[in-house]
Amino acid sequence: MGSSVRKGKAVLPAEQAARPSREQPRRAATEDYHHEAQNANNGQAITASCKNKDADLQFKIQAYIDKNTVMIFSNTACSLSAKVKELFKSMSIPYCSLELDQTEDGQKLQDVLYELTMETSVPIVFVQQKQIGDYDKTLKAHKEGKIQKLLETKGHDHMQDSYDYDLIVIGGGSGGLAASKEAAKYGKKVMVLDYVTPTPQGTRWGLGGTCVNVGCIPKKLMHQAALLGQALQDSRKFGWQFEEKAVKHSWETMTEAVQNYIGSLNWGYRVSLREKKVTYENAFGEFVGPHTIKATNNKGKEKFYTAEKFLIATGERPRYLGVPGDKEYCITSDDLFSLPYCPGKTLVVGASYVALECAGFLAGLSLDVTVMVRSILLRGFDQEMANKIGEHMEEHGVKFIKEFVPIKVEQIEEGTPGKLKVIAQSTDGREIIEGEYNTVLLAVGRDACTRTIGLDKVGMKINERSGKIPVSDEEQTNVPYIYAIGDVLEGKLELTPVAIQAGRLLARRLYTGATLKCDYVNVPTTVFTPLEYGACGFSEETALEKFGEENIEVYHSYFWPLEWTVPSRDNNKCYAKIICNIQDNERVIGFHVLGPNAGEVTQGFSAAIKCGLTKAQLDNTIGIHPVCAEIFTTLSVTKRSGGNILQSGC
Amino acid sequence: MGWEEKAARGYSEFVQAAQQSRGRPVFAFFSGDKDAQGRSWCPDCVTAEPVVRSELNSLPDGAVFIYCQVGDRAYWKDPNNEFRKNLKVTAVPTLLKYGTPQKLVEEECLNRELVRMLFTED
């Protein structure tokens with residue numbers, strides 16, 4: 001039992017002669033041993049009683065080690081024992097010492113200690129249950145700062161060096177990679193497990209998570225492809241001359257280029273992890289017990305690993321409708337960005353930013369696009385802005401079917417793309433409609449990847465309905481050694497930079513004693529619909545609810561980007577709005593812009609908002625001319641006044 | 001079956017060697033030209049070559065390893081040289097897996113573990 005087993009050392013039979021120590025003479029305790037043996041009736045009984053005695057002594061030794069932060073097995077006659085005690089006294093570290101020459105069974109205890117520690121003499125020092133050794137080893141450990149380090153860690157149930165890793169990160173996306181690289185910076189032994197379960201269509205991708213492979217990166221590149229198409233049209237008005245029929249778009253060329261770039265990012269992450277000495281395995285990680293996970297690779301091979309701490313960063317995957325034909329025939333954003341053939345006439349189901357951004361760029365590439373929406377657009381976003389986005393898309397050829405949901409998807413024809421029939425029902429149940437499309441893209445929400453990673457085996461609480469993980473403001477779950485970041489979190493923004501920031505700060509808090517927590521307030525975002533939307537802070541609805549109509553002032557205006565004047569594009573569509581808190585110096589608490597390069601515009605203002613930007617400061621800022629963002633330095637019409645904000649020109 | 005090495009001097013020889021190896025995994029090491037004594041004008045290439053060669057035994061079966069000398073220093077410094085324009089190889093030494101975005105550039109080539117990773121993983 002006890003530490004002999006833990007250390008993997010054989011328990012030597014008690015009959016073995018006690019080894020004389022260097023520092024102390026043979027003890028009279030041996031006599032006691034003989035006494036007991038002689039009292040026994042036969043050979044076996046002697047053995048038995050020897051073994052029992054041994055077990056008792058092992059137990060006693062172990063108890064001393066376990067119960068004391070610093071344990072010194074010592075001898076009053078031993079000068080090195082005295083020296084080691086002095087050492088701890090000089091460090092003002094309290095210790096417990098057992099003087100073996102003064103203890104009953106002292107010699108036997110010493111023998112047991114030898115079997116446990118392989119130290120032939122006293123003193124034998126333990127710190128936080130970890131064996132340091134004799135005086136020389138203790139002095140060396142002290143000089144290397146190891147003793148201090150051991151004392152700083154709070155008492156653990158397990159010994160640190162019995163774990164395979166300091167930190168295992170499950171999920172190699174934005175959050176997981178940032179946290180693992182940061183932890184490795186501080187010398188921690190880190191492993192990252194990343195695994196992509198193929199989509200129902202069989203799509204898979206490499207290291208880097210959603211953003212890099214099937215999210216932000218390919219989305220923005222395809223959005224750019226669409227914008228360039230528009231720019232080509234505008235260019236004629238600026239004097240560029242070419243035949244209309246010379247302009248065609250190749251889906252395959254675009255997708256190959258995008259995938260190539262993503263491939264270089266996947267590779268870059270592999271190199272980066274290797275260089276920073278983070279172990280990476282392409283395997284599915286799941287908990288099988290406390291501090292233990294099982295990693296299964298795509299060949300089914302299983303490996304088990306233990307770690308002192310874990311970080312769950314498994315993200316989300318697209319939700320399906322749960323209607324016949326959805327998994328067989330529909331695709332999601334997981335499939336779209338690597339689709340080897342042009343999707344053709346597309347039905348996008350959903351009203352999220354994923355749905356609208358995808359519908360937007362597909363239409364921009366001259367595809368026939370319809371969006372089927374159950375209720376409102378962009379739930380959770382400022383609804384005035386959401387509606388303007390929808391209107392703009394409609395004016396530019398995107399068809400909307402509102403208040404309908406698909407109830408069945410059938411295949412009419414196979415092919416790449418094939419032909420699909422979608423049967424949909426109105427939300428009030430009264431009407432059924434049908435439509436034919438080459439591709440049906442589902443974008444009806446994303447589900448957290450927490451159901452199949454064994455969280456029940458470690459007693460982790462998750463939100464049963466959504467699957468998301470509630471955490472403290474330090475990203476700690478209800479299990480003290482398990483943390484979580486990124487899209488899996490309940491109640492937090494699902495954005496790459498948020499996950500990265502949270503991951504880095506968490507690693508610093510865990511391994512450097514830093515205290516800075518992730519600030520989830522006033523995080524700027526941008527929706528890359530054809531008319532881009534950038535926002536920071538409160539939506540108008542939320543501000544009204546929180547502060548009351550009389551306490552907020554909304555300044556707004558339309559604006560016309562100079563670049564759009566010559567091609568006569570979209571006047572009085574671009575829109576700027578700020579929401580100010582009257583009771584707090586007209587502090588800007590909400591920033592909204594609808595127009596080109598909305599992300600670039602919003603980033604700068606979000607820094608100002610973090611500094612406590614007020615309306616007066618904005619008014620005091622001189623604009624840059626001629627750019628879209630300057631509108632924010634000259635806002636004067638409030639919603640309250642009902643004044644006209646239509647523009648007639650520069 | 002093992003792996004095979006091909007030597008190429010200059011861009012057209014490289015392209016030829018790569019085309020001859022179609023259907024097989026192709027790895028290429030780009031180095032500055034070596035002089036008559038066998039030393040390259042590119043000092044990092046000199047250091048990297050033994051590291052790369054030490055890991056060649058981890059190449060997959062049937063692989064082709066092309067050792068390509070790109071040209072003299074003047075040719076390389078020209079921003080319009082063919083390697084830069086057509087292959088996007090902008091630094092020497094570069095070690096890459098042809099037809100994929102996987103490559104190691106400059107001091108990355110000196111890292112034995114990275115070289116092994118490039119040769120063995122997909």
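Including glycine, each Cβ sits where the backbone N, Cα and C put it.
According to TrEMBL, the region 'Disordered' annotation covers A:1-31.
According to TrEMBL, the compositional bias 'Basic and acidic residues' annotation covers A:20-31.
In the domain 'Glutaredoxin' (A:70-130), helix, strand and coil residues by DSSP number 27 helix, 14 strand, 20 coil. The annotation domain 'Glutaredoxin' is assigned in TrEMBL to A:70-130.
The domain 'FAD/NAD(P)-binding' annotation in TrEMBL covers A:165-503.
Averaged over the domain 'Pyridine nucleotide-disulphide oxidoreductase dimerisation' (A:523-634), the predicted model has a pLDDT of 97. Annotation comment: TrEMBL describes A:523-634 as domain 'Pyridine nucleotide-disulphide oxidoreductase dimerisation'.
Per DSSP, the secondary structure of the domain 'Pyridine nucleotide-disulphide oxidoreductase dimerisation' (A:523-634) breaks down as 43 helix, 33 strand, 36 coil.
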